[in-house]
Amino acid sequence: MKKIYKLWTAMQYFSIICSAIFLFLFLVTTNQYHFFLISIIALWVSNLSYSFLNIHRRILFFFFHITFFVFILGRPLISFIRGEDWFNYSIEHYYTGADTFTALVIIFLALLFLEIGAMVGNQVLLKQHKYMKFVDSEYKRIYLYSVRVVSQILFFISMISTLMLGWEKIIFMRGHTYIDYYVSFKSQYPYIIYVISTFTKFSLYFYLATLPSKKHTFVPLVLYILSAVPSLIVGERNPIVLNTIFALIYYVVRDYYGSKEKWIGYFEKMLMICCIPTGLIFLGMINYLREGISDTFSSASEIIIDLVFKQGVTFSWLCSGLGALDKLPDIQWVNYTFGGIIDYFRYGSIGQLVSGTSGLGTGNNILKATHGNSMAHHLSYVLLQEEYLEGHGCGSSFLLEVYADYKYIGIIIFSCILGFFLIYVIEFSRKGIIQSVFFLSCIHGILFMPRAEAIGGISFLMHMPFWCTLIACWAGALLLTRRYCKRKIVFEIG
């Protein structure tokens, strides 16, 4: 282990030195932007190496950088290796005013201060010697068991609704294209079925927060992953990828918690070795298979490279967005970084009830394109115009939103805080059920931040299903606990 630790430490420092050298070469030359790109990639490798120094504690930091690479860095790196004009690619294919240089600067700053923030978070953890016990009394043991029972029941009930809705999608796709699905699909089930399905993931998080055994965790996580298959069939790859990464993170974290069981053993390692490349190949081929194209690529590596390149469209939209900031709607006061929270309280049900404001409607529409605080809608309308109203969009990125509001200083501060959070939140999750649920609920949003909103990690706090699940689990567990305590039943949790 010491040799491996020294290896990753050496890799980290070597990458930092390489990053500094290529940054210097870029600064002393003219328009040699490939030096800057190599410097950024080296800095990314340094952050990845830092993750491997303590992968159990830094697993969320690690996977954030994986999605960061796929969504942001993959496309320019692949274009550079191919010998293409990667620097002007966004200008030629997306938006003539795209600002690639500013994009590179904020990416560099983000990676640098993510690592600095992570190091600060690690030092804070090293100074903390006392941790709260997860369960330190008989009453808490019984309450923990009660939460587990209630959340498990709620999960299986809501999962049935989720699978019903998913099966409906699969049936619809027979004889239809994925474009037909996005344009005309509408569920025929009663609305209550959809409402129940929204409790699926949060009830799972509450169940997992009670630290069930590995045997009892397997089935719920497999169902959770399989529930994303219908979305994959209709063309959405992200849900099944994020659900799978979520399961892997949970397994790693359970090992970090010091469980008596070995969560990442020989079987799990071999499964990952077999499934990761196979899964990437399948994800890369699915769009071509759906369109009846089967002879596009000659090797598995080409399929994976094409997948990463296409997912890296976020880099092109980031460059385009930076060049189009002055064309965004001229609203008196707008904040994209916290736009989700602001719009929830201003235009959501609370705002409509308290302030009498009108909502922004659903889907892509003129109201969302010209009002509110959503970078995804504002930018999509500016760049795509009529295509936006037809349902297309370019998404967003935490880099674009933070820079639009606070410029470079915002990128520095936000990245530093994010790096600290990615390290500290796993230890924070050990302090209790609510803390653990908070951590588990953050994972999807955090991993998607490179191509989504800046507050994606905490956006679940504005979703009613989260609070309804919390109330249901708390109230149900409280009733069960009182019942068990009256009977003086002692439970062995495990």
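Any Cβ shown, glycine's included, is placed from N, Cα and C.
Any TrEMBL annotation is an automated prediction that lacks curation.
Remember, predicted model here, so these are calculated numbers, not experimental data.
Only residues 6 or more beyond the boundaries of the transmembrane segment (7-27), in the same chain, are considered here, and those with a CB under 8 A from a CB of the stretch are 33, 35-36, 38-40, 42-43, 45-46, 49-50, 52-53, 108. The feature transmembrane segment is assigned by TrEMBL to 7-27 (among others).
Marked as transmembrane segment by TrEMBL: 33-53 (among others). Outside the transmembrane segment (33-53), and at least 6 residues removed from its termini, the chain residues within Cβ reach (under 8 Å) are 5, 8-9, 11-13, 15-16, 18-23, 25-26, 59, 61-62, 65, 68-69, 73, 76-77, 80, 86-87, 100-101, 104, 107-108, 111-112, 114-115, 118-119.
Residues 34, 37, 40-41, 44, 47-48, 50-52, 87, 89, 107, 111, 114, 118, 245, 249, 305, 308-309, 311-316, 318, 397, 399, 419, 422-423, 425-426, 443, 446-451 of the same chain lie 6+ residues outside the transmembrane segment (60-81) yet bring a C-beta within less than 8 angstroms of a C-beta in it. Among the features that TrEMBL reports, transmembrane segment is placed at 60-81 (among others).
Marked as transmembrane segment by TrEMBL: 101-121 (among others). Residues 23, 33, 36-37, 39-40, 43-44, 46-47, 50, 58, 61, 65, 68, 72-73, 315, 318-319, 322, 399, 403, 408, 411-413, 415-424 of the same chain sit 6 or more residues outside the transmembrane segment (101-121) yet have a Cβ under 8 Å from a Cβ within it.
What TrEMBL lists as transmembrane segment is 142-167 (among others).
Here the transmembrane segment (191-210) has Cβ contacts under 8 Å with residues 144-145, 147-148, 150-152, 154-155, 157-159, 161-162, 164-165, 217, 220-221, 224, 227, 250, 433-434, 436-437, 440-441, 460, 463, 465-466, 468-470, 472-473 of the same chain, all six or more residues outside its ends. Summarising the annotation, TrEMBL assigns transmembrane segment to 191-210 (among others).
The transmembrane segment annotation in TrEMBL covers 217-234 (among others).
According to TrEMBL, the feature transmembrane segment maps to 240-258 (among others).
Residues annotated as transmembrane segment in TrEMBL: 270-289 (among others). Here the transmembrane segment (270-289) has Cβ contacts under 8 Å with residues 232, 235, 237, 241, 244, 248, 296-297, 300, 303-304, 306-307 of the same chain, all six or more residues outside its ends.
Feature annotation from TrEMBL assigns transmembrane segment to 406-426 (among others). Here the transmembrane segment (406-426) has long-range neighbours at 57-61, 64, 105-106, 109-122, 124-125, 253, 256, 337, 398-399, 438-439, 442, 446, 454, 457, meaning same-chain residues at least 6 beyond its ends whose C-beta is under 8 angstroms from one of its own.
Look at TrEMBL and you will find 433-452 (among others) tagged as transmembrane segment.
According to TrEMBL, the transmembrane segment annotation covers 458-480 (among others). Beyond the transmembrane segment (458-480), the same-chain residues lying 6 or more positions past its ends with a Cβ under 8 Å from any Cβ of the stretch are 143, 146-147, 149-151, 154, 198-199, 202-203, 206, 340-341, 344, 348, 434, 437, 441-442, 445.
Distant neighbours of the transmembrane segment (217-234): 152, 155, 159, 162-163, 165-167, 169-170, 173, 178, 181-182, 185, 200-201, 204, 207-208, 240, 242-244, 246-247, 250, 286; these residues of the same chain sit at least 6 beyond its ends, with a Cβ under 8 Å from one of its Cβ atoms.
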